[in-house]
Structure formats: structure tokens, C-alpha cells
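Shown next, in C-alpha cells, is the structure this report addresses.
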């Protein structure tokens, strides 16, 4: 039931047909709906009146008693017919049925004589135009050709192919064309098969390639391709776009003709026939295009709807086909005219009716048509109207408040006001279409509304509706008013000192300024009250030089934009030429060439410095690594080589010796296992030179005058030989006098006990 109005719709519509001269013709039309229903017929848009030749049957069909292509008065029964049905709900129109007369022309291509050697390929062709398409059969020697012979291939377009010719194939051939209009015979052609089968090599050659075809879906396409050569070439097919041809509905006729049954739009494309020499890459190609058209059909039908007065009704009708169909809307059988409240969008797929009223109640039809066919669907709009609704609001007035605000006021309706639950104010730019309208709801006790966020210098239209729980009133009268103009915004202003007597004022053009005619520039000395100006500047000017100024005073510069509504707010800047010139003297302009050379020199110095720094860091790390490792090895070697005699505890030093700033305390604790080095033995093994003992930088010994028996004599060792630490031995018994051992350290003075 999609696409049908329950009140009135077609069950059967007339279809395209081919009529036979002097024979009767019936065009069917069946309608369902609410009676009474009146059916009428049109041909080429003109009403058909009942007459002896054409009249309507009781079931609504049209009967033509004797179809004639051309009548005595010059008229014709050929044309486009449609059926119209009407009841008190509306009127609908059927699809257009194209009626043509059956005809057959004379042959415009006849078969030609041919002489072909044995084993070769013969091809005969005859062509004739007719409606419907004539069926062409072939006769040999006045007898129908035996189609069971696999070497004989008959193509629908009047082509006969004979492959692997033999002597018995010689004969006289002609074709017979038949349709409902006539039967016609072509001229005869003789086929002569000469000689014996040749063994001479011949390159592959395509005798006839595929033609360009335009067909409709569900029809059958035959793409011809016949090739010769020795050895016989292999014929193959492909699509130029690389897509596969597929296998469903595909058949090969004869030795290389491609037949595609039940065509779809996806079969459209360019087909390539290739003739290949077996076992080689030698090939010849030919190509032809296939265009498959599809009649218009609906993807989405319009649906019947019911809407209250004053609301919006939308019908959607989406159709597809190849080529894409054109959509036309009808209202009660007449072409729908668009207006302020009737709009078509999305390539006529969407019909919108804004602010509907009782006059819009009708049956609306969507007609989709292309070169392959047409179709129609209908839907009814029912306008809901309840008795006792309020009358339209009265006295609607609109007053401009500002550039962006308008106040709208009204008075309550004259009739049926008790059930009013509120008002709706409809707002729209006067230049915009109706669908751009928006609404603001107002309580039932309010009779004015301040409409804000409007655009300056713009005309707006307003109307009011009163709403009840059962529906809305009719719209009030429309009032149109414009907002005030708006002055331009503040421009951005920059001041630049050119010299001791000249400054340059610059500003940037901006959309935020709005519509402006130009700029006004003022300037003055700050201690004066009178401005110089205004200097009037065009809207496209963005800079102005102020000259003949006094360098000893401060100036005030003011800039504003103006338009027909007045002057905008100004931007003010202050400038002192003296300070600017002093800064110029203190900071003279740079010598660009010199600075560039200095920059190059500085850059080179930085690079060299970085390299030197990195090199130093690497050497320091290596020095520390190898130096630390060497000191550890030297400590271990010395400890292993020296014998450590036991000495009285009283002679053991309680101090630690540090040489060359390095310590082996942790390693000595683990490796010596409590053994102490005898300082006297070290002194005996490594005597110090006199010169070293006299140097102030040597390591000095500490003497304790109060405890001479605890004195430790220390020799200075060459730093490049080794480093050693004398660790403190096991805890010494507490001194009876309460004194503690003295500690010795490099570059320190003597330390006394106690």
C-alpha cells in the first residue's frame, strides 16, 4: 500500500504498448477509494471525449476501436495517455503510458555475396527497423538454416556467422524479418567456399567487434566479436575498468560472441574483445560500450498525514533509476506551484508546506520520470480544524528598541478566548524563506514580547497565533519592522615615530568594524583642548602620516570609524617624539653587515668553545677513571710486598695517613685483616731525601711534647709512585691520663694529645 492514499488511489495504471494498425486497443485503469469516483482520460495532456472511435468502459479502461497511426484529418492515435480519478477528497493522475504504432521499415542492410576459403569464417548481416523489434530468421537455399549446427550462429540483430567453412556450406542465403506489423524478405546473397584449408600462418584479426548498445534492465545484450587467423585465434572478453564480468547470466555464442541475459545497471561499462594467437602474446582487440537504463522507481513513497491548521506538513519522495529520474509534484492533478509557504528541496524530493490552512487540504502526487519509464505515488494532506478555536490575535504592533531588539505587542482575540493556554510569536527575516522562521512561546497573560539578538539594519516580520489544547487559531496579520542601524566598532590603532616632526598612524581593517563609510582622525597637543581634525579617510585607507609636529611636547592621537548611523567609539594613543628620538640616539641603528659578521664570528667561537669543552670533559673523565684504578692497584701491591712486624700497641699510631688526597680505608679494612704497617719499616725502605724534608709542601710529622713515646715520624713519598693510607688499628686501651691519640693529616700542623 506504499504510495497510495486510502481515500483515492490507483490499483492498475496504463502501461506502454505498441498498437497494430486498424486493430482495437485497450488501456487499463482501475481505481479504489471512497465513492463517488470520476475517471477521465487524457492524451498528450488533452481531455479525451467519448466518441465512436475511443470511449471509456465501465471499469474505467479506455477502448480504442480502430487504432490508426494517421487519420484522415491528420490526427494520430499515438501519444502519451494518462488516467485521472477524482472524488471529494481530491484528484490523482496515473503514470503516462506511451502508445506507439507497430511498424516495419524496409531493409537498410542486405546480405552481400562472399567468397571464403575452406576453414575460414563467413558472416552475413541484414538490418531492419520496426516496432516491436523484428525477429530475423535466415534461409539457405529457401530453407530455414539448421540452428542445431554448432558452426552456424544466429545473433538477434540479424547476423549469421559460419565458422570452419566446408564445401557443403556454399549456397544462397537471405533473411526474413517478422513482427506484428508485417513480414519482409531481404535480397539474396551467395556464399562460395573455395580451395582447401590453408596452412599459411596468418596474424589474428577481428572481422567485427562489439557495437555500442543502450538497453533497459532485464533485457538481453549480445556483443559480437568474430576473429580470423591461422592458427584460429582464441577470443576472450574483459571489462575496460578491470571489474570481473561474472558468470551469472553470461553465455558465449559461437566462437566468441558474448551474451548477457537479464541486464542490470551494474552491467553497464566498456567491454573489450581480444583475439589471441595460441601460445603467444600476439593479440588484437576491439571494444564497445553497454549502457543499461533503469526505469524510475521509488525508494521512499510519500505518506498521507494529518496536521492542525498553522503547522508544517512535509512529504518526502525519493526515487532512483538510470539515468536519475526527475521528480514533479502535483496537487489534485495540477502541477504544484511553489510560493512563500510551499517549498521544494533536495532536488524536489522534499515538499514542505508551512503554515497550512484548509485550502492546502488535497491529494499530493510525486511523479518520477526518466528516459526508461515513469512512475507515480500519492499521499493526502488532511488539515485538522476544530470548532470553537480562538479568532486571530488583534492589533499586532512592532516597535524598534535598538539595533538588535524589537518589542512586539498584541491584543487578545475577539472570540473564544477562554481556552487559550498561550501565544506563539512567529519571527522571520523578511528576506528569508518561510522555512527559516522560528517561534517564541508566550504565556496567555502576556501581550508583549521583547525579541533580542537581532541583526542591525534588518527587516523582520512578525505574526501571532493563539493556542488551545485543541489547536491553534489562524495567524494574525503580519507586521514588518526594521532594527536600527549600528555604528561601527572601535578600530585598532598603532603609532610609529618616523622622525622628529612626523608620526605615522596605522590601523587594521576588520570585519568586526561592521559596515562603515570611513575613518575620522584627530590629534592635538595634550595641554591643549582643541583637536586638529577631523581628517576624513576612506574605508580602504589603513595609514596616515601626521607631519609638522613639535618634538618637545606629547601628542594625543584619536581614530574612529563612522557610517550613516553615526560615529563609533574612538581609540586614543599618546606619543612623545622627544623620548622616541632619545631612544634612537641611545640605541643607534645597527650596522647590519657588521652585525652579520659579528654573528658569524660569535657563532664560530661558540662552536669552537663547545668542542674544547667537550674534549676537556672527556679527558677529565678518562684521567679520573685511570687514576683511581691505578691507585687501587698500587695500594694492593704495596700491602702484599711489605711485611708487617708486630710492634707494641703503644708504638702503633692511632692516626690515619692520607697521601696524594686519596684513601684506601675500605680496601685496607677488608684485605689487611687488622694488620698495621710499621712506620719505621716504611721509613727504612723508602728514605726521604733531605731536600724533600726541607720543603714546606712536604708532609710534616706531628710531635707531642707531652708524649714523646707516641711520636710518629712520617716520610714523604713521591706522588707518582703510589698512594697509601695508614688506617687506625684496633681500639687502643684508654690512656690512664685520659688523653686521646693525636690525628695526623696532610698540610696540617701538629696535634697534641689530651
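Here, residue 1 is simply the first one shown, and the rest follow in order.
Positions of Cβ are set from backbone N, Cα and C atoms, glycine also.
Copied over from TrEMBL, here are the features:
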DOMAIN    8-100  domain 'Ig-like'
DOMAIN    105-192  domain 'Ig-like'
DOMAIN    204-287  domain 'Ig-like'
DOMAIN    295-382  domain 'Ig-like'
DOMAIN    392-486  domain 'Fibronectin type-III'
DOMAIN    487-583  domain 'Fibronectin type-III'
TRANSMEM  606-626  transmembrane segment
COMPBIAS  644-654  compositional bias 'Polar residues'
REGION    644-673  region 'Disordered'
COMPBIAS  664-673  compositional bias 'Basic and acidic residues'
REGION    686-754  region 'Disordered'
COMPBIAS  689-704  compositional bias 'Polar residues'
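Within the chain carrying the transmembrane segment (606-626), a Cβ under 8 angstroms from the stretch's Cβ atoms is held by none of the residues 6 or more beyond its ends. Across the domain 'Ig-like' (204-287), the DSSP tally of helix, strand and coil residues reads 3 helix, 44 strand, 37 coil. The average pLDDT for the domain 'Ig-like' (295-382) in the predicted structure is 91. Applying DSSP to the domain 'Fibronectin type-III' (392-486) sorts its residues as follows: 3 helix, 46 strand, 46 coil.
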